[in-house]
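Chemist: Handing you this structure, nothing more for now.
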C-alpha cells in the first residue's frame, strides 16, 4: 500500500475499521476529583482498574486522595455477596472519614459485564446516608479516554437545580431583601433576573475558567455558571431558557443531555483553543446574545505577534495526527493557522453535529491559509497509518504513547497527544503552551543536528 498526499478542495471524511488505542475512561477521575473540591470518586472495578489508577495518577493510597477503589472480588462476581450492603459499608466509611458533598460512582467494564444495577442502588443508598450519589458508567467501551468526563458531566446534568426551585422560596417570603441576597449568594440567584443565562460546560483549571469568564465580561456577557463547578453545591441552574456552550470537543453526550433533558439551547461554536478559536468562540456567543464584539481582532493580533518566535519554528512543517483524545480537529485547525501543513487527522470518533462549527472553521482556515484540506480518518487503522506516515514522512506525528517510541526509532519525531489533555490549552493566553508542546521535539532535533550532530548517527543505524 502506498500513500500520497492529495490536494483536496473540501474536507474528506473516511472511516476505517481499526481498534481503539486509548487509555481507559476512568482516568477522568485524575482531573475531576481535583476540579470538584467537595467530591469523592469511588471507582467500582477489579484489581486491574486499581493498578491503572495507581500508575496513571501517580498518587499513592497513603496520601488519602479524594478517590478510592471498590475492588470487586470473586464473591461479588459470583453473586455470593450482597452488592448493596458492600457499597453501603464503603459509602458510610467515606462519609465518616471525608464527609463529601457528593459521591460519584464510576462504573467499569466489570460492572457492565456482571450487570450491577448501580442506578437502582444509588437512590436507595442516597436516602439512607443523606449524601447525593451520582452514577457514571465511564468504562472501556468508550472511544476515547476523555469521554469519561463526558459521561460524568452528563450524569451531573440531572442534579443541577431548576429555576422554579429557587424562585418559589423567594416568592413565598416577601420580606426578604433580594438585593442583599444576590450579593451574598452570587451568580446562582443573580441569574434569575437575566433574560438570557449562559452556562459553560467542560472541566478546566480555575485559572483558565477565570480567563474565559473575563473575556466574556469584556463583551458585557456574564457567565451564570460552569458545569462542573468547583463545589457541588454551586451547580448552575439549567432550564429551558438557559444557553449552554461547550469548551471541549469530546462533550457531545453532555450537550445532548442538556438539550433533551433540560431543554437548554446549545450554542454551536468553535472551541476556544488557540487565539483564532477563542476569538471565534467569543464572537459566536456575542452574536447569540446580540452583542457587538469589542476589540477581539486587535487582541487576537497581539497574541499572534507574541507567538512569532514559535511560529518561525513551525511554518512550513508538516504534522500527522494519529488520533487519541478527540482534540485533534481543534489542534489541527490551530496548527494550520500557525503555518503548518496537516496531512491527516486521525480521530477515534467524530460527532459531526457537535463539531459542525469547528469543522466549518477548519475548512475556512485552510482556505484562508491556502493549504490543502487534511483527510479526516475516523476510527483509523494504525497499521495503515504507519504505512502512510512512512510514505509521507511528516516532520511531526502527534500520537498515543504506545506508538511514540516505534515511530521515533523510524526517524519520525513524535509528541504524546495525552499531554494536550492535561496542559492548559484554552483561551488567548494559553496558546503559547500549545506551541511549547508542539515545538519541543522540533527544537530537540535542531539542537541535535546543530551542536551535537547525533541525527546522522541515528539515521545511519536505523
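Cβ from N, Cα, C; glycine included.
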Chemist: Using only what Swiss-Prot says about [4Fe-4S] cluster binding by 24, 49, identify which of 109, 160, 245 is listed for that site too.
Modeler: 109
Chemist: Would you identify which of the binding-site residues 24, 109 has the most other C-beta atoms lying within 10 angstroms of its C-beta?
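Modeler: Highest number of other Cβ atoms within 10 Å: 24.
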Chemist: According to DSSP, collapsed to three classes, what secondary structure does residue 49 ([4Fe-4S] cluster binding site) have?
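Modeler: Its secondary structure by DSSP: helix.
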Chemist: Hey, for the [4Fe-4S] cluster site built from 24, 49, 109, who else sits with CB inside 8 A of the CB center?
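Modeler: What remains near the Cβ centre is 25, 26, 45, 46, 48, 52, 108, 110, 139, 140.
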